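These features come from Swiss-Prot:
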BINDING   D34, T64  Mg(2+) binding site
BINDING   Y182, L183, E184, A185, G186, S187, G188, G213, G214, G235, N236  sn-glycerol 1-phosphate binding site
Amino acid sequence: MKIRKKKMKLKGKVKKYLMDKLNDNEKLHFSLLDPFKINSSEELKYIAKNLYNVGTDAFLIGGTLGVSKDKLDFVISLLDDYEIPKIIFPSNINLLSEKADALLFLSLLNSDDIYYVIGAQIVAAPIIKMLQIEVIPTAYVIVGHGGTAAHIGKARVIPYDNFELATAYTLAAEYLGMDFVYLEAGSGAPEPIRPEMISFIKKASSIPLIIGGGIRSVEVALKLVEAGANIIVTGNIIERDVDKAIKIIRGIKNK
């Protein structure tokens, strides 16, 4: 197992870091850590060390419910030793921290509530400017099960088998100038985004795809990667079975 060098400063360089890897045809993995579900600093240190050592490319920090600013800062601080980016995955404007390397600046494109499409972003923008957090413009699109994120975000979820609609959203995001499209099946979803949807989208758009939700095995992750997913996100499996998460990361990084 290769231990990677620590303490490379990434503030202001996260988008370049990610794009350089993608341009080298790497497939990436993000580890989603929910501060609300972390029971102790010892647990977080153990999980983070193992995920880092097998090659996860970034830590995403965030959750839909129960995350305070203090807990967010605490988790980011504990991850500070690792050279990979610490990226905020915000559910609302309370999840902003100057300690992070970057922020996914999300717009929930298929929400029926304008607040989640552009309202929260307007409120957050001056704060982000003041805190000098690097932003990564990302279209967030919820598919299938959707979970808590769909409920809170009032999303009109895209059916798992409606490839044309998912492609239309992806193209809209590309034309709006987004850097990424994040297709989300929802935390703990009974099934992930279908590989057929990803390959269908990739025939029409070259925008990098982040895929998350319902990914519980290396076999599923590899099918998504083979279909064209650029970045795989796992969260629940990290909390439930870190050894399975490690296998997923190894599979993706050895692809």
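Every residue, even glycine, has its Cβ placed from backbone N, Cα and C.
What Swiss-Prot annotates, mapped onto the structure for a quick look.
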residue: D34; record: Mg(2+) binding site; Cβ within 10 Å: 22
residue: T64; record: Mg(2+) binding site; Cβ within 10 Å: 20
residue: Y182; record: sn-glycerol 1-phosphate binding site; Cβ within 10 Å: 24
residue: E184; record: sn-glycerol 1-phosphate binding site; Cβ within 10 Å: 29
residue: G186; record: sn-glycerol 1-phosphate binding site; Cβ within 10 Å: 24
residue: G188; record: sn-glycerol 1-phosphate binding site; Cβ within 10 Å: 16
residue: G214; record: sn-glycerol 1-phosphate binding site; Cβ within 10 Å: 23
residue: N236; record: sn-glycerol 1-phosphate binding site; Cβ within 10 Å: 21
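The two recorded residues, G186 (sn-glycerol 1-phosphate binding site) and D34 (Mg(2+) binding site), show a Cα separation of 14 Å. Considering only the residues assigned to sn-glycerol 1-phosphate binding, Y182, L183, E184, A185, G186, S187, G188, G213, G214, G235, N236, the longest pairwise Cα distance works out to 17 Å. On a Cα basis, T64 (Mg(2+) binding site) lies 13 Å away from E184 (sn-glycerol 1-phosphate binding site). The CA atom of D34 (Mg(2+) binding site) is located 9 Å away from the CA atom of N236 (sn-glycerol 1-phosphate binding site).
When secondary structure is read from DSSP and collapsed to three states, G186 (sn-glycerol 1-phosphate binding site) falls in the coil class.
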